[in-house]
Amino acid sequence: MVKMTKSKTFQAYLPHCHRTYSCIHCRAHLANHDELISKSFQGSQGRAYLFNSVVNVGCGPAEERVLLTGLHAVADIYCENCKTTLGWKYEHAFESSQKYKEGKFIIELAHMIKDNGW
């Protein structure tokens, strides 16, 4: 008897010629380097990067949290493949100086690696 196992499939593959960031746990692509906005963010487990857009990421329900820069409505994001929580999405910023974060994504360095062309 042959045991069949389900292979891992990803929703999106980023082009191999680009520098990409991947989930450290399962290697699913998460973001293209061109989508990186800032490396100067702090996550709940250390340093984090702010991205304009991401792939292969699911989003939980939004909730209000007081972060280092004030009150925000954020939703936890997780890897669609391995379900590891990666960071969060900024849904709403209550401070006018923080509005640029709305719709953007935080991924903690503890959960991603650099792939392709580094």
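The backbone N, Cα and C atoms fix where each Cβ goes, and this holds for glycine too.
The Zn(2+) binding site feature in Swiss-Prot is assigned to C23, C26, C79, C82; the stated evidence is sequence analysis. What Swiss-Prot records for 19-116 is domain 'Yippee', and it gives sequence analysis as the kind of evidence. For 99-104, the entry in Swiss-Prot reads motif 'Nuclear localization signal'.
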Secondary-structure category, per DSSP, in which C82 (Zn(2+) binding site) falls: coil
Additional residues around Zn(2+), ordered along the sequence, whose Cβ is within 8 Å of the centroid of C23, C26, C79, C82: I24, H25, R27, A28, N56, E80, N81, K83, T84
Taken over the domain 'Yippee' (19-116), the model's mean pLDDT: 95
DSSP residue counts for the domain 'Yippee' (19-116), split into helix, strand and coil: 12 helix, 60 strand, 26 coil
Same-chain residues at least 6 apart in sequence whose Cβ lies under 8 Å from C23 (Zn(2+) binding site): L30, N56, C79, N81, C82, T84, L86, H111, M112, I113
